[in-house]
Amino acid sequence: MPEQERQITAREGASRKILSKLSLPTRAWEPAMKKSFAFDNVGYEGGLDGLGPSSQVATSTVRILGMTCQSCVKSIEDRISNLKGIISMKVSLEQGSATVKYVPSVVCLQQVCHQIGDMGFEASIAEGKAASWPSRSLPAQEAVVKLRVEGMTCQSCVSSIEGKVRKLQGVVRVKVSLSNQEAVITYQPYLIQPEDLRDHVNDMGFEAAIKSKVAPLSLGPIDIERLQSTNPKRPLSSANQNFNNSETLGHQGSHVVTLQLRIDGMHCKSCVLNIEENIGQLLGVQSIQVSLENKTAQVKYDPSCTSPVALQRAIEALPPGNFKVSLPDGAEGSGTDHRSSSSHSPGSPPRNQVQGTCSTTLIAIAGMTCASCVHSIEGMISQLEGVQQISVSLAEGTATVLYNPSVISPEELRAAIEDMGFEASVVSESCSTNPLGNHSAGNSMVQTTDGTPTSVQEVAPHTGRLPANHAPDILAKSPQSTRAVAPQKCFLQIKGMTCASCVSNIERNLQKEAGVLSVLVALMAGKAEIKYDPEVIQPLEIAQFIQDLGFEAAVMEDYAGSDGNIELTITGMTCASCVHNIESKLTRTNGITYASVALATSKALVKFDPEIIGPRDIIKIIEEIGFHASLAQRNPNAHHLDHKMEIKQWKKSFLCSLVFGIPVMALMIYMLIPSNEPHQSMVLDHNIIPGLSILNLIFFILCTFVQLLGGWYFYVQAYKSLRHRSANMDVLIVLATSIAYVYSLVILVVAVAEKAERSPVTFFDTPPMLFVFIALGRWLEHLAKSKTSEALAKLMSLQATEATVVTLGEDNLIIREEQVPMELVQRGDIVKVVPGGKFPVDGKVLEGNTMADESLITGEAMPVTKKPGSTVIAGSINAHGSVLIKATHVGNDTTLAQIVKLVEEAQMSKAPIQQLADRFSGYFVPFIIIMSTLTLVVWIVIGFIDFGVVQRYFPNPNKHISQTEVIIRFAFQTSITVLCIACPCSLGLATPTAVMVGTGVAAQNGILIKGGKPLEMAHKIKTVMFDKTGTITHGVPRVMRVLLLGDVATLPLRKVLAVVGTAEASSEHPLGVAVTKYCKEELGTETLGYCTDFQAVPGCGIGCKVSNVEGILAHSERPLSAPASHLNEAGSLPAEKDAVPQTFSVLIGNREWLRRNGLTISSDVSDAMTDHEMKGQTAILVAIDGVLCGMIAIADAVKQEAALAVHTLQSMGVDVVLITGDNRKTARAIATQVGINKVFAEVLPSHKVAKVQELQNKGKKVAMVGDGVNDSPALAQADMGVAIGTGTDVAIEAADVVLIRNDLLDVVASIHLSKRTVRRIRINLVLALIYNLVGIPIAAGVFMPIGIVLQPWMGSAAMAASSVSVVLSSLQLKCYKKPDLERYEAQAHGHMKPLTASQVSVHIGMDDRWRDSPRATPWDQVSYVSQVSLSSLTSDKPSRHSAAADDDGDKWSLLLNGRDEEQYI
């Protein structure tokens, strides 16, 4: 007896160990409960005696390719050993395999292979070594359900659904198909049910419906009680209640009512199936029959569990949301004709019994954006006490509420809606005298046969949440209690968004989350503005939710938000009382944070929250209190770019100086003309008073006016510079003119005071001449500068000045149109854009179809198709067709504004070479002042030592002038000339003007360069590293070739494509998705045939039966461009003339899969497959009805321009490297196609940074070219990061250069433009340096011995000419033309040669050994041929952007040869 007890104890211990692997509650295995527990439902026989650990543990072998070292072995063992159900795992590097001991009921080998594949290796089940199930026959351990999932827009949605569902307990595996909008889930039915899976997908913001499933397990009450703790979705109370309800219905007799509904909006049998499957699952629904022809549904239901109104709502809530249900007369009230034969169940008494009159109120609601808002309002308000019924219309923006006025008032209803984050106002009320019986929130009355009123609880569509009567108590509180905490707003920084689909994904999913009231995501800024209920959710939870969607999110703690500012002009104010009236009214308005009104200027500055209120609303408030308000006129944003103010200023200064300078120049010329008649000059030399001649008096008057008028701006600028303890060119000019003026004035005053016989020689002629030439130079300089920013000004000029804001009524009919200035357009406005007009804001198309010209923004030459749901960019031109768009980003948040901001910042930034010039210019002015002083002193000394030197070069010395006066005058002349000729401006303008022109020209060519540093760095690049997936290739698999192997008369190409497309439509594999997409495009249809008996074998292929393809062939929209020899006289294929329904047995897969199914593969077919596989493509075979009939080659296709771009870079002396996480074979195949002979393969993303650093440590300047998402660390590490994508990729912070168009030749163009720009900068600097190095010595008189002498006005003219010449030199960059494709092809003609595999060196992972292409061993050939190369689709995953950019479909057929699509062997 003790021995038996020990055996029983040992078996129980083993059972608990296995159960821990299953994650089942241990208490379920207590001996006291063993008699009542249904072991057969979890896959074991009843009783513990037959259960042993060995009987439930299996051992299998998995083949693994791609391991290179013991680190790979350890990483695989560590990761797989941690999986549930894995007992042990041993990996052998030498044998390339792993031995796995596992529990089959918990984990399967396919899961193990999938996990290994996610690590970057290739894994498959070894043939003949798969574990067998235990000898005892086990009940169904796994079941499969197929869900229809609506709302997925990109690969991010797929990853999000797969990631979340895979984490659920009881889910074995999940595959989501974006193209088919389906999810296939394998699950353990004793742990989770299909309804729970559907509810989880719904909770993520998608619309899910069960498409097909296996019969659920029949669990007894004890099973439910013991297993429900493992179901995270169903609380215990809910499960018990459901069980009790079912027991009541099953054993006490149900009260069935038959109801006939009219349903509009059904189009096909799919709609019928959708309604029947989903409504049939609702609590209380016994049966439902839907007729598509009669547009009716006959429902048998239990009125104690549901009601007609609840059924109506449930059907209308089904995706796609187009169903409209009409109830029969009286179905909503108490007097319904549908009667039951028994009294109502005592188990469902009415929650509330309030007799009396019910009222109806109409509430206007603003801020609703989608059906989710409608459901949120209906769900929340219907739970309030006293609310009988609520119907919300999204199109009309209203809610009709039937309520009990003795319990709740319309004002409380309005407040409750506003607490949810919407704007609400009561429009009208009406009182009804018809008593509605025992109505309460969510209940209605239906009479039975004896007239007894029976409570019919309104059950919302099943969403996995608690029924209404299980809602928390807080939902039933009064509106006063729910308004205790006001909604709050938070801002999140989001990284990883690449396209509008990502924005839509985040907004849609967040709006479905409880507590989130409104969401607005800005792609360009990478920010999200979210209004939320702090009692329900917190910002960190929102950030975590976004991270679960596949993006990086962080809460911006110190971000104040994008509060709006508006400046208004207000007329009609008379006193301070008016000011106070306006300010107090504005500050009391919700949404306005600050208001300041100035009576003197009649201006008002208002700060507001654009989420709550807009500029038009503010103007309306001011006008309502008796004043007139309008938007204050401001200078357009582009005015500072065209330098109009500066040009006007310097033009005025030049003209003033010229008016007074011309007489001065005339007198100078007159005095310099030699004359033999001395009396002609005696008139001007005659003294008016002693010491003051007529000539000096005229000079003094003219010079004084020039100093005050022409030189005023120079003096203001010099004063500002000196006040900040700095010196610039204006200081030098003011010094020169002031010294000449003051010196002349002093000696003239002294002469007058001393009553000299002759008036002294003065410098009054110098300032007018200086100001004339310097002002002329500044004027011409700013004229030239205005041209440097012409590209940016052109971008800014794209912004529309006005927008047509419309008000929509029913059926989107336009009720009113209003022309609104751009500054007054608010977020959420509906804007009408006519043909030829500009899109004023970023938005989404609501109605209409058109083509948008985005060439000036993105550089895309061809117009882009826009349809409802498409995003539009502000500044693009509507080519044809009027459209209505909803504004999503206005003002500075638009894409155009962000691009302008980026280009502005680039033009303001300094290149490294400019920083050196700036440091030199900082010391330049003090140096010139010192040189000028030294020149003055030196010439005074020389003059007194040897007067002959000075006298020889002094122009026209007057015999009446003393020797000292001549020396002093000549010394001052040379000193002032030094001040005038020195020009730091030419040094300061050399780089900025070239950078401004260069970045502007680049922007016009679709290349956004972020500043002067990358612009200068690009010409130094010696190595360019290309990412493969999404950069060199398109990033998604495509069909490259279709090869027919059978009889074309029996199986023509159209029929093969129809059959193959239908078969692969049920596959979730990326290759299957690619084949399905190709077949649909070639056949011109979106619908395919029926697929049954589908079977997928990982690593091998699929098998199924296909039928109903005749309709596709008969009704395809466009004929396939097949060769004429395969068409009959009627133009159709021979096999299509008889539309006899057929069922085809289909096999699609690799060689091994077809051999397993008894097919023989000829050597010709095998050779054809090998040819494609050697190119890195995947070749699959197709067999129909046991006959091998075709081969399909699939690959991630190389971009057309890739090889040309690589060759051009190499011809420029740049080393090109391919770096990818893909396997070596695929990487080598891609490299041979594009001509790259250096490859880094099987590199993890974190290792890409190390590879960049490795090349940088060797002294090379490295450029990294990637998609800007997965490669962002490497982009940041590289000397120049280049992100390739659409115009929205300017949000990528890691890249230095963003190519708006997805064109690799723009990489070449950016380097080419950089070389041109840097060469122009060097020319400018050389000109500026030579000018100063030569000009200053000449001005100082160093070259007097060879007869070169300069007057001060000559120096000023030369200085002005230097600045103008530098700017004009930079403007020559505007003539730059980006080399076109024809030029590149002409240069490469005859030089581009494809590489062989032996010419490509492949570097594996972080290994330091280069691996040349060896001769393939027999084993390599066999393994390469027999396996499907899929790592290109798993190791180096395509970016979300690449997938989104490819959604529009291919522009060309994917067949290699359009004229020879069908090939035969």
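For all residues, glycine too, the Cβ spot is worked out from N, Cα and C.
Keep in mind that this is a model prediction, so the values were computed, not measured.
Going by the topological domain names that Swiss-Prot assigns, G66 and N696 belong to different sides of the membrane. If you compare S409, S478, S759, S1413 in Swiss-Prot, the phosphoserine annotation sits on S478. As stated in Swiss-Prot, the feature transmembrane segment covers range 973-994 out of the listed 137-158, 203-224, 533-554, 973-994. The DSSP breakdown of the domain 'HMA 6' (564-630) into helical (H, G, I), extended (E, B) and coil residues amounts to 22 helix, 24 strand, 21 coil. C69 (Cu(+) 1 binding site) sits 55 Å from C373 (Cu(+) 4 binding site), taking the Cα positions as reference.
In terms of C-beta pairs under 8 Å, the stretch of 698-717, 765-785, 920-942 lying closest in packing to the transmembrane segment (1323-1340) is 920-942.
Non-local contacts of C72 (Cu(+) 1 binding site) by the CB criterion (under 8 A, 6+ apart in sequence, same chain) comprise G66, L93, F121. In three-state terms derived from DSSP, C69 (Cu(+) 1 binding site) belongs to neither a helical nor a strand segment and is classed as coil.
Cβ packing within 10 Å was compared across the binding-site residues C69, C373, and the lowest neighbour count falls to C69.
Taken residue by residue with DSSP, S1398 (phosphoserine) is part of a helix. On a Cα basis, S1398 (phosphoserine) lies 61 Å away from C373 (Cu(+) 4 binding site).
The DSSP breakdown of the domain 'HMA 1' (58-124) into helical (H, G, I), extended (E, B) and coil residues amounts to 22 helix, 24 strand, 21 coil.
The local packing around S1398 (phosphoserine), expressed as other Cβ atoms within 10 Å of its Cβ over all shown chains, amounts to 12.
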